[in-house]
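Now, the feature entries from Swiss-Prot:
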SIGNAL    1-24  signal peptide
CARBOHYD  Asn41  N-linked glycosylation site
DOMAIN    44-120  domain 'Inhibitor I9'
DOMAIN    127-603  domain 'Peptidase S8'
ACT_SITE  Asp152  active site, charge relay system
CARBOHYD  Asn201  N-linked glycosylation site
ACT_SITE  His211  active site, charge relay system
CARBOHYD  Asn234  N-linked glycosylation site
DOMAIN    369-457  domain 'PA'
CARBOHYD  Asn380  N-linked glycosylation site
CARBOHYD  Asn391  N-linked glycosylation site
CARBOHYD  Asn462  N-linked glycosylation site
CARBOHYD  Asn523  N-linked glycosylation site
ACT_SITE  Ser536  active site, charge relay system
CARBOHYD  Asn624  N-linked glycosylation site
CARBOHYD  Asn662  N-linked glycosylation site
CARBOHYD  Asn678  N-linked glycosylation site
CARBOHYD  Asn724  N-linked glycosylation site
Amino acid sequence: MTKVVQFSLLLALILVLSVSLASAASQNLEFTELEDEDQSNLSTYIVHVRKPQVIQSDDLHTFYYSLLPESTKTTNQRIVFTYRNVVNGFAVKLTPEEAKALQQNEEVVSARPEKILSLHTTHTPSFLGLQQGLGLWKGSNSGKGVIIGILDTGISPFHPSFSDEGMPSPPAKWNGICEFTGKRTCNNKIIGARNFVKTKNLTLPFDDVGHGTHTASTAAGRPVQGANVYGNANGTAVGMAPDAHIAMYKVCGLVGCSESAILAGMDTAVDDGVDVLSLSLGGPSGPFFEDPIALGAFGAIQKGIFVSCSAANSGPAYSSLSNEAPWILTVGASSIDRTIMATAKLGNGKEYVGQSVFQPKDFAPSLLPLVYAGANGNNNFSVFCAPESLNRSDVEGKVVLCEDGGFVPRVFKGKAVKDAGGAAMILMNSVLEDFNPIADVHVLPAVHISYEAGLALKEYINSTSTPTATILFEGTVIGNLLAPQVTSFSSRGPSKASPGILKPDIIGPGLNILAAWPVSLDNSTTPPFNIISGTSMSCPHLSGIAALLKNSHPDWSPAAIKSAIMTTASQVNLGGTPILDQRLVPADVFATGAGHVNPVKANDPGLVYDIEPNDYIPYLCGLNYTDREVGVILQQRVRCSEVNHIAEAELNYPSFSILLGNTTQLYTRTVANVGPANSTYTAEIGVPVGVGMSLSPAQLTFTEVGQKLTYSVSFIPFSEDRDNHTFAQGSLKWVSGKYSVRSPISFIFL
C-alpha cells in the first residue's frame, strides 16, 4: 500500500462525509437487498410505533410488516431492520408517498428519513495514574469479566492488541455471535463481532477504515511492547481495561454511520449482554426522541448498561455538542503531557515549537527559502494549500507556510505542497485553534505550529526579501506541565437539546493518541499503530475506565458510575494551575464539564448521585415533549398530564446548569454514601459574581453505607453585579477528610 493511500485511509475516517450508507443484517434483525426494483426514489425511514400489546418477540417482524402500505408488498420485502430492545420500531425503504401513507396508521408514532451520522496508547494509562498490578488496575482486575460493546467501523482481529493470552472465557451471560470466519478471528478478547453495513464486497466486520480498531484498543487493548509510529511515542501500548472483553458492532464505513445501522447495533448489543457501550460517533443536536443514540442509550441504561459517547469535534464554538442526553456520559477531549516535537527555525534565528509525527532522519537542518502559500497561488484556496492551488515555480525546493482550514485536511495540504515540488511545510493554526497544534503523519517534512507563531512567520516573510527556514525534528518529549489542556476541536456546551443539563460531562485524553491500526503506515514489519486525535479518542478512554469501575463496583448503576467519574474529576493541570483551553486561558465549564477524569479517585468517590430510569420521566415531560414523543424514548405509553413535571435542573444530576432570570430558584439533590459508614461532609461553595447561593443543610452526617440524604440549594440573582456577562460558573463541594465530592455549576443569565 502506498503512503498516499495510507494517508487517504486515515483522513477518510477523520473527515467522514454525511452521505448515504448501505444497511446490514444481524441475528434477530431482518435484512433484504432490493435487487429487483428501482431504488432511485426509495429512502430508509426510521419508523417508531406504539408498543405492541402482548406480542412475542419472534412475531415483531410480522407485526411491523402488517403496518406497511400495500404498495410495498408487491415486490421484495422493504424492511431493513426490526428493533426489539432499544426502540419499538423498524427501518424500512419507502418512497415519500409511502411514508406519508404509513404515518396515517394509528399504531405509527413517527416515520422520518434516517440521517447519516459521522465518526467523531502508549502513555495515557500512566498519565491517568493507572499502573500494572497496583491501585485501580489491581482492585478492578483490569476490567476482567466486563464486556465493552463498541459501535464503530469494525475491528482488525489479528492485531496483537487483541490477543487473548491469559484471558478467561466470556461470562455465562454472553449471548452474542462472531461473524468472522476462518482461524484467528474471535477469541476470549474479541468475543463478538457483527457487521450492520454489509455490501457486496465486504460482508464481515473487518475494519476498512481504522477508527474502530483504534478505539477498541484504546478502551481495552492488551499490552503490546515497542509500540510506536515512525519511531515516536515508543513504549508499551495498553488500553484502559486490558482484561475486559470486546464486542464489536460495525455500524460505520468510509462514508459515515446510518441511523438504522446504529440502532440495530445498539439493539443487538443490549440483547447480547454487554456491560458498557462506547460510541465515538454522533450527529447534530436535536430532540432526544429523534436522536438514535439517545434512544438506544436509554434502552441500554434500562438494562443497567453504561453508555459513553464522544462530544463531537465542532469546537471551540459554543453549543456545538452531540450526544447530550443526561443518561449518556458525554466526553470532551484534552491533551496529554507527551509532545511529538518539531521546531520551525527561521533565518533570523527565532524558533517556534510545534508537533509532527513524521520526522525523517534524512532531512538536513540547513536553511531553505521560505514562502507563504497565499502570496502567489492559483486561487483563493492557495492560502490553505488546497490541491492544485500552488504554482511549482513559487514553491519548488522551498519551505511553504500553509494555513489550517479551508475544508482541506491537514495531511492533504502537505501532499499539495509535495506535488508542487515543495521541500517542507510549516502549517499554522487558525485563530480558533490558537495554541493547539496536532501531531500528524505527514507526507513530507512538516511541523504544525500555533496561530501566534504563524503570525510571526508571516511578519518575518514580509520583513525581508530572502526569508529562509528549516524544521528541526526533536522526537518524543514527556512532561508538558500544561497538560491536560482542552483541545480546540472538542465541542462545547451549553446543550441545545437540554440547556438545564451541563454538558459535556467530562474531558479525557483525545489529542495525539497512539493506538492499534489495521495497516502499517511506514511498511514496517512491527505491529501497526497510529496517532490520531478527536473526541473519538477520548470516549473509549472513559468507556474503559467505566469498565474498571463496573468490575470494582458491580452493584453500581450507570448513573452512579457516571457520578463517581464526574465528582472526582480534576480542575488543575500537572503544573497545579487551572486547566487551560486552546487560547491558554482558563477553560470554562462548557469546555471541561466536571473536569479531567481521575480514574483512581473515581473508584472511591465517597458519595454518588444516583438516577433510576423512571426518574427521567418527569424530566422528559418537563421538556414539553408530547406523550407520543416521551413514549418513543421510554418504549411505553406515557401521559405527562398524570406526571409531576420537573425542571431540567431538578434532575438528580452530579452537576448544575442554572438558567437564571430575576427570581430565586430552589433545587434538591440526594446523595448516597458509598464511603465509610460513619462520616460527616461539610459543604463548600464557590459563588460567582452576580449570584447568591444558600444551602440547607450545610452538613451531611451518615451512619451507614448506602444511606441517602437530601439537601437543597437556592440560587439567588444579583443582576446589578453581572457586568453584562451572559454566563458564570461556580461549584459545590461536599468535603470529608480525603473526600471532595464536587459538582460544577454553570449559570446562563436570562
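Using N, Cα and C of the backbone, Cβ positions are placed for all residues, glycine too.
All features noted in Swiss-Prot, drawn onto the structure.
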| residue | record | contacts (Cβ under 8 Å, 6+ apart) |
| --- | --- | --- |
| Asn41 | N-linked glycosylation site | Thr95, Pro96 |
| Asn201 | N-linked glycosylation site | none |
| Asn380 | N-linked glycosylation site | none |
| Asn462 | N-linked glycosylation site | none |
| Asn662 | N-linked glycosylation site | Pro717, Ser719 |
| Asn678 | N-linked glycosylation site | Phe702, Thr703 |
| Asn724 | N-linked glycosylation site | none |
Check your understanding: If you measure Ser536 (active site, charge relay system) to Asn624 (N-linked glycosylation site) at Cα, how many Å is it?
Key -> 32
Review point. Including all protein chains shown, what's the count of other C-beta atoms within 10 A of the C-beta of His211 (active site, charge relay system)?
Key: 31
Study note, to complete from the structure: The number of other Cβ atoms within 10 Å of the Cβ of Asn234 (N-linked glycosylation site), counted over all protein chains shown, is 16
Study note, to complete from the structure: Rounding to whole Å, the Cα atoms of His211 (active site, charge relay system) and Asn391 (N-linked glycosylation site) are apart by 35
Exercise for review: Go through Asn391, Ser536, Asn624, the listed recorded positions, and name the one with the sparsest Cβ surroundings, counting other Cβ atoms within 10 Å.
Suggested key: Asn624
Check your understanding: In which DSSP state, out of helix, strand and coil, do we find His211 (active site, charge relay system)?
Key -> helix
Revision key, fill the gap. argmin Cα dist to Asp152 (active site, charge relay system) over the glycosylation sites Asn234, Asn391, Asn624 returns Asn234
Review point. What is the three-state DSSP composition of the domain 'Inhibitor I9' (44-120), stated as helix, strand and coil residue counts?
Key: 22 helix, 27 strand, 28 coil
Check your understanding: Could you state the CA-to-CA distance between Asn391 (N-linked glycosylation site) and Asn234 (N-linked glycosylation site) to the nearest Å?
Key -> 38
Study note, to complete from the structure: Rounded mean pLDDT within the domain 'Peptidase S8' (127-603) lands at 95
Study note, to complete from the structure: Taking only the CA atoms, the spacing between Asn234 (N-linked glycosylation site) and Asn624 (N-linked glycosylation site), expressed in whole angstrom, is 53
